[in-house]
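Right, one structure below, let's go through it.
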Amino acid sequence: MPMFIVNTNVPRASVPDGFLSELTQQLAQATGKPPQYIAVHVVPDQLMAFGGSSEPCALCSLHSIGKIGGAQNRSYSKLLCGLLAERLRISPDRVYINYYDMNAANVGWNNSTFA
């Protein structure tokens with residue numbers, strides 16, 4: 001159930017076609033979870049500043065049941081910052097990513113939970 005959310009001040013017109021699909025495939029590979037369970041939400045055109053500057057930036061979160069922890073998070077950061085830099089032209093030093101290890105009982109899906 002990994003869920004990756006990107007809030008960014010990059011305009012919608014600058015988000016390339018296929019970006020959501022690329023994020024889905026890359027996260028599936030990185031987490032080892034099936035792509036059909038990966039959710040991606042990109043929220044462009046936000047009023048945002050990072051370090052007092054309105055240059056392109058992103059505030060992100062990755063939620064997952066398991067597969068969250070020190071070494072894994074560093075790997076995800078490298079992957080996700082790289083994709084944001086390459087596709088949205090956001091410098092990695094203008095990106096924060098918060099990681100959340102979710103309890104399966106606290107994640108609802110398909111009329112139930114993952115517990």
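Glycine is no exception: its Cβ is also placed from the backbone N, Cα and C atoms.
Under DSSP, Pro2 (active site, proton acceptor) is assigned to coil, being neither helix nor strand in the three-state scheme. Proximity of Pro2 (active site, proton acceptor) to non-local residues of its own chain (separation of 6 or more, Cβ distance below 8 Å) is seen for Leu27, Thr31, Lys33, Tyr37, Ile38, Ala39, Leu62, His63, Ser64, Lys67, given in sequence order. For Pro2, the entry in Swiss-Prot reads active site, proton acceptor.
The substrate binding site annotation in Swiss-Prot covers Lys33, Ile65, Asn98 and is backed by experimental evidence. Using a 10 Å radius centred on the Cβ of Lys33 (substrate binding site) and all shown protein chains, the other Cβ atoms total 17.
Feature annotation from Swiss-Prot assigns N6-succinyllysine to Lys78. Within 10 Å of the C-beta of Lys78 (N6-succinyllysine) there are 12 other C-beta atoms, taking all protein chains into account. Under DSSP, Lys78 (N6-succinyllysine) is assigned to a helix (H, G or I) in the three-state scheme.
Look at Swiss-Prot and you will find Lys78 tagged as N6-acetyllysine, backed by a large-scale study or a structure entry.
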Quiz item: Residues with Cβ closer than 8 Å to the Cβ of Asn98 (substrate binding site), same chain and 6+ apart in sequence?
Solution: Cys60, Ser61, Leu62
Quiz item: Using a Cβ-Cβ cut-off under 8 angstroms and a sequence gap of six or more, which residues of the chain neighbour Ile65 (substrate binding site)?
Solution: Met1, Asp101, Met102, Asn103, Ala104, Val107, Phe114
Self-check item: For Asn98 (substrate binding site), the three-state class that DSSP assigns
Solution: strand
